[in-house]
Amino acid sequence: MTTTVETATATGRVARVIGPVVDVEFPVDAMPEIYNALHVEVADPAKEGELKTLTLEVAQHLGDGLVRTISMQPTDGLIRQAPVTDTGAAISVPVGDFTKGKVFNTLGEVLNVDEQYTGERWPIHRKAPNFDELESKTEMFETGVKVIDLLTPYVKGGKIGLFGGAGVGKTVLIQEMIYRVANNHDGVSVFAGVGERTREGNDLIDEMSESGVIDKTALVFGQMDEPPGTRLRVALAGLTMAEYFRDVQKQDVLFFIDNIFRFTQAGSEVSTLLGRMPSAVGYQPNLADEMGLLQERITSTRGHSITSMQAIYVPADDLTDPAPATTFAHLDATTVLSRPISEKGIYPAVDPLDSTSRILDPRYIAAEHYNAAMRVKNILQKYKDLQDIIAILGIDELGEEDKLVVHRARRVERFLSQNTHVAKQFTGVDGSDVPLDESIAAFNAICDGEYDHFPEQAFFMCGGIEDLKNNAKELGVS
């Protein structure tokens with residue numbers, strides 16, 4: 001499975017340059033294969049008198065020895081008739097322990113240290129695992145976060161969509177998952193920044209360094225200011241690193257993509273540059289195929305998994321837009337982060353009613369778990385239905401039964417909050433891990449009214465039942 005860049009197989013000449021699209025002429029009997037990486041030397045505008053190497057990826061064979069390529073870097077300074085070398089292999093990236101704590105670009109170049117890598121590399125274009133290699137059983141991925149494990153359980157080797165605007169705790173939740181995979185599951189994480197703002201990427205690296213999770217994480221960035229070819233391939237580069245950890249090191253991997261919409265957007269730009277006829281809403285005609293090539297590689301093989309969390313931007317909040325709609329078809333769970341919930345100071349600010357999971361079903365989880373989740377959802381839904389009446393008439397106008405629903409729902413809502421490990425640097429409070437069995441027992445007890453006499457404040461930002469009792473004790477309740 002080891003792959004290194006082969007020696008040059010042929011030399012061609014630049015025939016045409018149109019922005020990131022470069023047409024290259026080769027001898028008819030030495031045409032490079034689709035997805036092969038080509039190298040061309042060009043004057044480096046940053047260093048006078050020096051040359052830099054541009055990487056081009058073959059996208060189309062036009063015939064008569066002509067190939068159309070997409071450049072992975074800006075083509076400023078590239079001239080016609082410049083010699084182009086076929087590397088004989090696809091773009092490849094470093095794999096293995098070397099990648100942990102490092103920041104890479106799409107081409108596998110290290111960005112945060114000067115250390116050069118001479119070890120094993122894998123090509124970014126790889127086949128999905130064969131059907132007989134896939135893990136057949138559906139297993140829950142326990143995180144220790146109450147609201148996720150109880151109401152929107154994640155699938156080991158599944159794909160989770162993460163919805164949330166700015167400032168609702170998306171980055172903290174991502175970092176917390178990286179921390180928990182490293183410490184609770186002895187796993188590793190890979191983060192692919194697809195079309196990330198440079199500032200966002202820089203902030204993420206700084207925050208991960210401060211919270212101590214960066215040494216268990218490989219980061220790959222294709223920034224917003226880079227050509228579409230780079231932004232289209234960066235997710236594949238990150239996924240290739242994740243596949244090595246899964247297949248060779250036999251680890252459970254958490255793979256983050258931020259933002260999957262920008263992957264689609266980059267594909268649309270490349271499709272237009274290649275002259276393809278646009279499809280619905282101007283997207284590329286091969287949208288579903290392109291998404292499938294990425295998503296089908298994110299899966300569990302026998303005993304080991306890649307679990308993916310994908311941040312999803314929804315254009316104009318239109319869920320029927322082809323980009324998010326195509327992504328939804330692949331998701332096993334959706335975690336919606338809500339601004340109104342974060343404004344109450346409840347973190348993680350997961351919306352318990354909007355968030356869903358494929359395995360929140362008695363066929364996949366214990367009946368006790370399913371029943372507890374349904375009780376919590378029902379009580380929160382009733383509380384939501386009563387909000388308008390409370391806003392207009394006040395809580396005193398409700399019947400006794402409705403008052404009891406509101407009383408317990410407010411406690412349930414606050415008990416869904418939890419301190420995270422990575423936020424300790426801001427809060428000074430240790431994070432908590434709550435086993436699923438304890439979460440189920442706790443929420444059943446709250447819904448049964450066992451803790452009706454505890455004040456609401458006692459339920460806020462605590463872990464399990466012991467934390468709840470300690471909080472109540474501090475507030476003077478026995």
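Cβ atoms are placed via backbone N, Cα and C, with glycine included.
Listed features, source Swiss-Prot:
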- G164, G165, A166, G167, V168, G169, K170, T171: ATP binding site (BINDING)
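What Swiss-Prot annotates, mapped onto the structure for a quick look.
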{"residue": "G164", "record": "ATP binding site", "contacts (Cβ under 8 Å, 6+ apart)": "K170, A311, V336, L337, S338, A349"}
{"residue": "G165", "record": "ATP binding site", "contacts (Cβ under 8 Å, 6+ apart)": "L337, R339"}
{"residue": "A166", "record": "ATP binding site", "contacts (Cβ under 8 Å, 6+ apart)": "none"}
{"residue": "G167", "record": "ATP binding site", "contacts (Cβ under 8 Å, 6+ apart)": "R339, S342"}
{"residue": "V168", "record": "ATP binding site", "contacts (Cβ under 8 Å, 6+ apart)": "L337, S338, R339, S342, A349"}
{"residue": "G169", "record": "ATP binding site", "contacts (Cβ under 8 Å, 6+ apart)": "L337, S342, Y347, P348, A349"}
{"residue": "T171", "record": "ATP binding site", "contacts (Cβ under 8 Å, 6+ apart)": "D203, L204, E207"}
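Cβ proximity to the ATP site centre (mean Cβ of G164, G165, A166, G167, V168, G169, K170, T171, cutoff 8 Å) flags the following additional same-chain residues: L337, S342, A349. Every protein chain considered, the tally of other Cβ atoms within 10 Å of the Cβ of K170 (ATP binding site) stands at 20. Under DSSP, G169 (ATP binding site) is assigned to coil, being neither helix nor strand in the three-state scheme.
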